[in-house]
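Heads up, the thing below is written out as structure tokens.
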Amino acid sequence: MRTPIIAGNWKMNMNPEQTAEFVKAVKDNLPAASEVEAVIAAPAVDLPALLENAKGSDLKVAAENCYFEDEGAFTGETSPKVLKEMGVDYVVIGHSERRDYFHETDEDINKKAHAIFRNGLTPIICCGESLETREAGKAEEWVANQVTAALKDLSAEQVASLVIAYEPIWAIGTGKTATADQAEEICAVVRKTVADLYDETVADKVRVQYGGSVKPANVKELMAKENIDGGLVGGASLVPDSYLQLVNYKN
């Protein structure tokens, strides 16, 4: 049984004070970690406040990015080794905003995945197609290629433990949501790609999230789908009430 995982991705929002207030507002109302894993991915500047205030609760903490080296002359980068030392659980990599604005390549994302595992953290690897690619009928091929490149040379055991987030670029922050059927269709492609690269056992264990205008109004329908194990949620994760509705979608 795959444990559902709902992760809020704050992007470049919230300061440490707001972070502390947010955690205090949600931490006593989270589902048991065995029921639904509740995660917040926060900017690096907010991680200390997030970790400090989440202590003793079921809230898991994710960084929104890291570098593929542990230390050195890499001005402005975040060390995966230090993230682990701080107590971070997950690292989001390959988000379409990182690929688009900061020119991250599939190779960069694969190197980061290896660095994250090397340091005992778990990656949440994002993939997804543009509207242009979808309209050209190439969404499935595009996503399969992204997943294949991201997982290069990872062990079966590593892949079984990671999270892959399918985020159609055309549905991020646009108010357009892929229908639950569209989301399920590509999440199934993600799982099939893992099965083709590894085997059915690994594919059955990997958790696949859908991201792209996920909100309390549509989370239940999405989570009912066979191949959708969670959500990577942007805007709706910035408000304690809506975040709690998302992570407690079973109730």
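Including glycine, each Cβ sits where the backbone N, Cα and C put it.
Reduced to three states, the DSSP call for Gly173 (substrate binding site) is coil. Cβ neighbours of Gly173 (substrate binding site) (same chain, under 8 Å, six or more residues apart in sequence): Ser213, Gly234, Gly235. Among the features that Swiss-Prot reports, substrate binding site is placed at Asn9, Trp10, Lys11, Gly173, Ser213, Gly234, Gly235, with the record citing sequence analysis.
Classification of His95 (active site, electrophile) by DSSP places it in coil, neither helical nor stranded. Note: His95 (active site, electrophile) has non-local neighbours Asn9, Glu64, Asn65, Cys126, Glu167, i.e. same-chain residues 6+ apart with C-beta under 8 A of its own C-beta. Feature annotation from Swiss-Prot assigns active site, electrophile to His95; the stated evidence is sequence analysis.
As annotated by Swiss-Prot, active site, proton acceptor applies to Glu167, with the evidence given as sequence analysis. If you draw a 10 Å sphere around the CB of Glu167 (active site, proton acceptor), it holds 28 other CB atoms from the protein chains shown.
Look at the binding-site residues Asn9, Ser213 and count other Cβ atoms within 10 Å of each Cβ; Ser213 has the fewest. Same-chain neighbours of the substrate site beyond Asn9, Trp10, Lys11, Gly173, Ser213, Gly234, Gly235, judged by a C-beta within 8 angstroms of the site's C-beta center, are, in sequence order, Ile172, Val233, Ala236, Ser237, Leu238. Reduced to three states, the DSSP call for Ser213 (substrate binding site) is coil.
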